[in-house]
Amino acid sequence: MPTLSLDPDQQAAVAHRDGPCLVLAGPGSGKTRVVVERFLALAEHGVAPAHQLVLTYTRKAADEMRSRAEAAHGPFVGEPPLSNYHSFAGRVVREWGWLAGISPAFRIADEAERWLHLEAVLAELKPRTLWNPLRPHDLVDSILDVIGKAKQELVTPTRYAEWAAQQLEATQDAAERALLERHEDLAAVYAALDQRYLRHAVLDHDDTILHAERLLREHDAPRRAVCEVIGHVMVDEYQDTNYAQARLVETLVAAHHNILVVADDDQAIYKFRGASLANLERFSRTYPGHARVILSHNYRSTAPIVSAGQQVIGVAHATSRIAKTLVAERGSGDAVELWEAPDERSEVLGVASECRLLIEAGVSAGGIAWLFRRHADMRAAIGALREVGVPYQVHGGRGFFTQPEIKDFLALLSAAADPHDSQAMLRCLQMPAWKVSNRGRLALVRWCGDHDAPLLEVRGELDACGLDSHDTSAAARCIGDVAALHAISAREDVREIFYVALEQSDFLGMLDLQPDLARMQTGANLNKFGELLEAFADWSDDRRLVTALRYLDVLRSSRHADEIAAVETVEDGVTLLTAHSAKGLEWPVVVVSGCVEARWPGRGGVSTSTLTLPGALVPELPPPGDAVIDEERRLFYVALTRARDRVVLTRAKRYPRSFKDENPSPFLAPLCVNGEARHREVPVSAPLRPRPPRATGRTSAHRLSLGVSDVRVFRQCPRRFEYRRRYHMPVRDTLQSWYGTLIHTVLQNAAMRRLAGESMTVDAVAALWTEAWAAARGPKGSNPELRELGEQQLRRYAAGSAWNAASIEAVEENFSLGLDHADLHGRWDRLDVAPDGAVTVVDYKTGPPRNEEQLRKDLQVRAYAVALSRRQRTDDVAVELHHLQTAEVTRVEFTRQQLDTSYKHLSVTTRDLAVAWRDGDFPPRPSAWQCPGCEYRTVCDEGRGAEA
């Protein structure tokens, strides 16, 4: 029985059993409900969750569906059957990629790392048509786009090269030959980049789809283990799939065709990511007898909003969409509003003032969304919200390298690399740790000018500069600390310099920032900065500071590395985001700004790159009509239909770079012609006035998602949890952690190969260690003795019964444990099954062994046991810790009573954590034994006191 009432259309989709089915679902029509209810209905009719698979476009959508399904079904056994494409494909490749020479320890390269790997390939190959030593970075982004598109279309380097060679052989036209020679070079670069990825054990997200599809299609073992187990597949947002994703789905269901896809062609907005409307036509061709269901009732928006959306999308090219009508179920409401302002400042201040009035009238700030076509369009709006005193939060956005804390830190590292850089030194004197007054800095600049000397040399002449005692002391400390950093840079790699610089600068004073969101954003950005340096260290053999600074300078040229780090929401605020980011979300009030022709559609998705994947290699042709305008119209439709109760569409006659009055967006025309909108003139804004008191946003009430280690850290010291999880303050990776991760990687690889039928003898495991050590980066160069230690420990372990007698059921399996106040997530290293069917968690430990009594009280062990109990639906579970130091095994068995006690303990801890998160209150818990080893002791006053 369905857990929620369904309308006849929804019921028809849920009741579909076998064979292909296309569900067309407009905005607000309950598509998520349909997918979840059908999943539960199939389970009720004998199709176990383990034999179903639901694929979504985003991880967030998968998490939402999974939480809804688990609320009704209970925890799932094994890997969650609701997943996004890349997570599912990644699991397939991690388990079976060794068949294609891919290490199971591969990691996903972020955009910046991809940029750097490609740069290295270009520098090595120096392809004639793509390489310019004077401007080596100019084409990197464009080449990445072409290679990404090739992967999305399942075009291999070999096929690309063969096509280029055939075309070159067939033409004598000089211009065409020049273009084809560039494609020939592109294919060679693509092939070399693939090989480099294999050597470095990295993939990108597109690789996971391409390799998973190929593994399942070409190899019997993964096909039997995956395709023959999954009897039903459902796909959400099918219109947003690219060709490779569609082919992966077709491969999964090739034997039975039990596939149901949910799509809305009117919301296809990701062509720039390779998504293709042609996949809907392909679905109809591949499954000609498929069932079709249209969800025609909108439960989200009022009738005027639904009608306005239908007017906007209804004028699209007839062949670019499937005609359908939506019926509003919520009844009447306010008409869509069209605001016209004389200039951008008046437009954004008008909206900001309206937001303040709404908040003061009781509307939740988090219930208001302000949408834009581009990230850059948000800047004026952010200033207006600050001026009016409205809390806000920005989702995504660019300008990472222009954030104040990043500019500060770059200045500090630049000064450390070259203490004679007076400009960098001068910026350091504005940082909280070395704050010198404006008057003092001016005096220092004058001294440098008078003496034609860098700021570094003023240290012995500070008394002569006329500074007060505070400025003199601060300047002396700054110059001394920078000189010390410079000395360290001569012998340490850039990662160590990063952490020392953080500590010397008191984390740039981030803990003194207000409000809390500012601290969180600063911490997240600094953490991302550290990750960029980690990526550099993994890629480069030269890890000196000066080389890293050149690398960071290169990254500024990469549009992919310039995204501001994401933070978790702690306070309700008006949400600012792009229309693309708003897809799948909804709010009571939605404002869409910049509704002028120059922005909507603007240039739309038109590429200015001279490099594109040849159309002859693209399997599916684009639909007829003006594809760019049609996609922009769909994007505008998505923005408009995010609203439940009120929509405001705003535009200004003039923007800062306008040379004449801007034309309104053509997408507004249907609303004006049909009388769907109410017009409002926004007056000219008043001059800048003192900022009013800030309107108070409510504390965000979102459910926390925590790792087991998060809860353990919170119980040890709430303040440490705050620094680590709330503010994401960067910390060093310890030698023990690095070594433990490498050992785990080898054992994971060995266990996966055992599952696939390989014999993993002592020598075979040792060979995997040798391979992993050779490929590893990190501190192995300064700790070569760990190579021998690791081999000894692994040989001893592989020779024992804990390895040889084990019947392995699963490796690196994720689990989720729903508690009263949070969701707890973790991963089991291994699951073993006994002859009687009992399953045991195996956790590898490289630290000192602990006895059963100690481990029974361990929060991690308790969490593992409770999660396994829920997974297996049994009262008797066990957790084994396999100690690599001694090859000993400590087994902890749990009874029902002990499991209940453990569950209560976890629930109480997460309840306390949720309260602390809500209140922003994380008191320290100093102790003489814990604080000296804490990674935040330099910035925590209580920790320093306990250490003393």
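Including glycine, each Cβ sits where the backbone N, Cα and C put it.
Here TrEMBL flags A25, G26, P27, G28, S29, G30, K31, T32 as ATP binding site. Marked as domain 'UvrD-like helicase ATP-binding' by TrEMBL: 4-302. Residues or ranges marked as domain 'UvrD-like helicase C-terminal' in TrEMBL: 305-584.
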- Message: Among the binding-site residues S29, T32, which residue has the fewest other Cβ atoms within 10 Å of its own Cβ?
- Response: T32
- What does DSSP assign T32 (ATP binding site), in three states? helix
- Determine which residues of the same chain, besides A25, G26, P27, G28, S29, G30, K31, T32, have their CB within 8 A of the center of the CB atoms at the recorded ATP site, and list them by sequence. D264, L295, N298, Y299, R300
- Note on the structure: So A25 (ATP binding site), by the Cβ count within 10 Å over all chains shown, scores 27
- Query: Per-residue pLDDT averaged over the domain 'UvrD-like helicase C-terminal' (305-584) comes to what?
  - Reply: 86
